[in-house]
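*Asks:* Quick one: the structure is below, and I'll ask about it shortly.
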Amino acid sequence: MGPTTRAHFVYNRRRRRSSGGRHAVEEASDEEEQRQDTSSSSSDEGGDEEDEAEASGEEIDDDEEGEVEEEAAAVEPATKERPAAAAAVGEKRGGRKGPITIRLKKVCKVCKRTGHQAGFKGAVYIDCPMKPCFLCKRPGHTTLTCPHRVAMEHGVIPAPRRNTNTSLDYVFQSQVKGKISMVKPKFLIPNQLECGNIKFHQRRVTCLEFHPTKNNVLLSGDKKGLLGIWDYVKLHEKITYDSVHSCILNSMKIDTANDGILYTASSDGTISCTDLDTGIGLPLLNLNPNGWNGPSSWRMIYGMDLNTDKGLLLVADNFGFLYFLDRRSKTRIGHPILIHKKGSKVTSLHCNPARPEVLLSSGNDHYARIWDTRKLEANSSLASLAHGRVVNSGYFSPQSGNKILTTCQDNRIRVWDYIFGDLQSPSREIVHSHDFNRHLTPFKAEWDPKDYTETVAVIGRYISENYNGVALHPIDFIDTSSGKLLAEVMDPDITTISPVNKLHPQDDILATGSSRSIFIWKPKTEDELTEERTKQKVKEYVYGSGSRKKSNGKHDNSSDDDSDGDSGGQNKKSKKARFTHTAKGKGKSKV
C-alpha cells in the first residue's frame, strides 16, 4: 500500500468512526474506492507514507499502523464480494470500537418512554399514564384508582325509561311478563371449592357443559380438540376421547331427543355427532374438504346452537356465514347465508328459548344481531346491537328470552331488558375486567339458568387482586339489574385465571375451567361454616393426566404452552397437602 493510498484509507476510516450515522451504502462505496486505490498503487511508495499523513493533519501510531496493514490485507482479496457484505466486514474490523453506553433508566413497556413503568406489580396493575384506564377505557385516571376496580357497585350507565305503547308491548305485558316470578328466590352462591380434576386436559379448557339427565356428569373440551367426560361425585370415573376433532373444540350441545348424542364444533371446520358411550364420532359438516390451503381459505366454526322445534342445528364460521343442518337426516340444508361482515368471525349463536326461530349472533365486526330464521337472508337482521370492540358472546335470558346479555372486549357487559323496545342503546353497561391477551379462552358472561328473575350472571375476572398476599383471579356473580357485585368466588389453591364458567341447570353448582384443570364449587352450609371456624375443610382432587381412553387416536402428553395464568405456582401449591385422592385412573370406566 502506497503512502497516498494509506493516508486516504486512514482518513476515510476515521471519518466514518466520527460520523457514526452514515448509511451502509456509503461505507461500501468508500471500501470500493480504497480497493481501487490499493490495486493501482505501487510497492515503492512506502517511504512517503508518514509525510502524506502529516500533511493531511492525521497522526498514525504503531497500533493504528498495524491495524491499517491488517485491514488493507483483508480488504484486497475481497474485491469480488458484494458491496454490502464488504461494508459489514469493514464495520466488524473497524479498529477501536466506540464506548458502550448502558442506560439505567427504566422504560415503559407500553409507550416506550422513561420516567414510569406499566404492568403488574404483584396483584396490582399499574397503567401507563399516557394511555386511558385499562379497566374502564376512559382517560383521566389509572386502573389503580379506577372507581370500578374493587367497588361492590360496578359502573352502570342506565338507559332512559322507554315505553313503546305498541301492540307488541301489550303482548309482552300480558303474556310473557306474566310468566316471570316477581318474588326473587333465595340465591345460594357456590363459593366453596368442593373438588377438582387437576390437569384433566392436555391443553387449556375451552368449553363446559352439564349433562341434562345425569346431574353429576360434566362434559369439557380443550384446545387440542379432546372431549372429556367426568363424574365429579365419583371423582375417578372419567373418560377422554381424542379423535373427535383435530384442534380447538369451541362449542358443544347435547341432543334434546337423545341425551347420549353430543354435537361439537371445532376450529378444524367440522361438526361432529359423537356417541358419549363409545366415543365414535360421525362428521355432519366439513367446511375444509380439500385440507389446508392457507389461512385465507381455512374455515373454522365457533358458534353453534340447536333449534329444538324444527330439529335444526345452526352453525357459523369465521367468514361470517351461517349454515343449517338437519340433525335427523344428518345433511346440510340450503346455502350458507352471510349474517355478519364478510370475513369476520361469528363468535356465538343462541336461539331464543321462548321463540326458537329468533336467533342472536355475535361477531368480530363489533355487532350482535337478531334474526328471524324463517325469513333469513343477507342484511335482513331485525336489529343490530353496536359494541365498542369484538363481541365474545350474546345470550337471551333463559326463562322468557326477553333479555339480552353480551360480553365485549371493551371491558363491558351490556344488558338489554326488552327485546321489543328501542335497541339502539343497552339498558345498562357494566364495567368488568375481561379484556384478555393471547393464549386465553375468551370470557363469556352467562345467565344463571335457575334464576327465574333473570338477573344473575357469572363471569371470570382477568385482573388479579391481592387476597392476603396472594394474587388471585376471582369469579364474579353480578346482578345485571343493578350492576352490583353479588359475590367473588376464589380459592388460594387456584392462582390461574378461570375464563370458562358454567352453572348447573338444577343444582347450586358451579363448574370452572382454569388452564387444564376443572373445579367444582358448591355453597357453604351452616355445618361447613362452623367447621371452617375450627379447621379448614379438606378438598378432594384427582389427577387427570393418566386417565386416557383411546378412540381411533393416540395421546401424546404434550405440555400446555398457553396455560391461563400461573399454572405452575398453582400446581406446586396444590401438591403439598391438599390432595386426598392421588391415584390415576386407567380411563376404562364408563359414566
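Glycine too: its Cβ is placed from the backbone N, Cα and C atoms.
Just so you know, TrEMBL annotations are computer predictions that nobody has curated.
Per TrEMBL, compositional bias 'Basic residues' is recorded for 11-20, 572-591. The compositional bias 'Acidic residues' feature in TrEMBL is assigned to 45-73. Annotated compositional bias 'Basic and acidic residues' per TrEMBL: 529-540, in sequence order. The region 'Disordered' annotation in TrEMBL covers 1-96, 529-591. Residues or ranges marked as repeat 'WD' by TrEMBL: 198-231, 384-417.
Please situate the listed features within the shown structure.
*Replies:* Within the repeat 'WD' (198-231), the DSSP-based counts of helix, strand and coil residues read 0 helix, 18 strand, 16 coil.
Model confidence over the repeat 'WD' (384-417) stands at 95, taken as the mean pLDDT rounded to a whole number.
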*Asks:* Same chain only, please: residues at least 6 beyond the ends of the repeat 'WD' (384-417) with a C-beta under 8 Å from a C-beta of the stretch. Say none if there are none.
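*Replies:* For the repeat 'WD' (384-417), the list is 135-137, 172, 176-177, 179-180, 347-348, 350-355, 358, 360-364, 366-370, 423, 426-435, 442-449, 451-452, 454, 457, 459, 478, 480-481.
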